Amino acid sequence: MALVPCSEVRVGDVQDIQELRRSRPMVVPERYVRDVNERPALSTTVLPSVRVPIIDLSKLVCGSRWETQEEMAKLAAACEEWGFFQVINHGIDEELLEKMEKLAKEFFMLPLEEKEKYPMPPGTIQGYGHAFVFSEEQKLDWCNMLALAVEPAFNRKPHLWPTNPAALSETLEKYSASIRRLCQILLILIARNLGLSSNYFNEMFGEAVQAVRMNYYPPCARPDLVLGLSPHSDGSALTVLQQDTGSIGLQILKDSAWVPVHPIPNALVINIGDTIEVWAFDRTYQFWGHLVVRVGDVQDIQELRRSRPMVVPERYVRDVNERPALSTVLPSLPVPVIDLSKLDCSSRLETQEEMAKLVSACEEWGFFQVINHGIDEELLEKMEKLAKEFFMLPLEEKEKYPMPPGAIQGYGHAFVFSEDQKLDWCNMLALALEPAFIRKPHLWPTNPPALSETLEKYSASIRRLCQIMLILIARNLGLSPNYFNEMFGEVVQAVRMNYYPPCARPDLVLGLSPHSDGSALTVLQQDTGSIGLQILKDSSWVPVHPIPNALVINIGDTIEFECSDGNTQVLTNGKYKSVEHRAVTNEETYRLSLVTFYAPSYDVELGPIPELVNDKQPCRYRRYNHGEYSHHYITNKLQGKKTLEFAKINTLT
């Protein structure tokens, strides 16, 4: 654990702070006096009233579903926006915490000659003394330390583990084991927040490294001149801090201001270390966050239409082979319509006939409309009305909920990743719904006032519809009715409201690029003002004519993944197909659509259903973590069914 050989480090006079305080209580040696710009009294603003988030671990481990979702949302916000939080009800015995603190204090109260039996030589980080001292000119921290390596065992230096107080080393073993279990639990929760398998970090970390440092900060006659510990971030994955409640000392830097961390009895402070930050940033596993991208000039389409109605900027003009005017369109070919009431009625014949239509729709189309679906028509109408009201607000109001480049929540343009990318003629408001931890509450509009409340009710109704559809699809595939609903676990649900303004040259642009959806099911509510949605069938584009109060159902990549007849998809190994679709624009009228995406938990491992794989239907897709696929999907622009290549066996190397 030594950073450099001790003999190579010349550190000058490093005094023991406790002894200095005892012998010369009013003296602050020059080596401890900070430069003017580093002194705490002159540092950037301190915000004593801002509080570090508090996470109740009991709600995450054994709370109700609603409590768990709320607390997971708080944990996600704490990790993303703070990097620090305090945990309460963490399960570690309070008596153990108190005993560990008591014994640590007893150690620091020992005579200097006793503590010096466990010396920390210059340049090392185990033993008693000052850590991180490497030069004679270095300004020192007003702090004494006892630092010990704990795991793996070969890192330990047993001769530095104190035998006085007698119970210190034994208690430290028990304490460290409890902290280790807490870290493992937190890493599971963080992995879930990032859309990874629960044990991703615990398995990746292997034989984890664990160390403990006990810091003792004596009083100082001039606290305005010194620092107990210099500003730094931690090189660990997680740091767990137990503070005594005697005074406030820890501060964290947030938004260029120092925020004190107020001690809470028996709480533990958790700090996200450099290892997690570097890992998460490097892989951009922030599923509903954003990437750092350069996207050039992305104009608001409604404002462009308002100010220059006859102009179509070059960034929106499609290449010749992509223009809708040159595509084959079959306007007379109707998309299947399924009457859901007939699938749950007393007539066996009607049910069989409608089930046969549903099977055909799933296998041959991948798209269908459902009528008599049981969702209150007034709720559908209200949701559509409020969405239109939102898009009609002034730009400055909508920009209160911005979607940064590379992000997929908020108001703006999604799936924009480069400056030379052709853009869709569409404004969007996209929001994550379930699980609660992926939500960004500050992006949920407060204007119109009823929008967010109505969206909650609307989304719950759509969720129930998706559950019913998955039961029907499972039955059609010869599986147990709850096969998908049970396998999907804590489902992921999001909504996207698309507003397509009129365009002076609809033959040159696309409202939405051709793509298939990364969800299991997509539920689309279209307004009836104009036709815009088109699906690709047999190499031709088929328009989906709006039916009042009907909902369009789209089989997504995930269901395709799970089924297959050797032509396409994953769960069904391709038996059911996800289908490319696009949106076109209109010269005279706007169009609005409300799109709900319904997908498995990020934790779920997906792959072809064994019952659907045989000699005639060989396995075409590998097993994969849905969180990894979601990351792949949202970090690439919409481009046909290219994302399905992620799961195909023949793409593996």
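Any Cβ shown, glycine's included, is placed from N, Cα and C.
Because TrEMBL annotations are produced automatically, they should be read as predictions rather than curated entries.
Annotated features in TrEMBL:
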type: DOMAIN; residues: 200-318; note: domain 'Fe2OG dioxygenase'
type: DOMAIN; residues: 491-600; note: domain 'Fe2OG dioxygenase'
Residue counts (helix, strand, coil, in that order) that DSSP gives for the domain 'Fe2OG dioxygenase' (200-318): 26 helix, 24 strand, 69 coil
Three-state composition of the domain 'Fe2OG dioxygenase' (491-600), taking helix and strand from DSSP: 5 helix, 48 strand, 57 coil
Segment-level pLDDT (mean, integer) for the domain 'Fe2OG dioxygenase' (491-600): 84
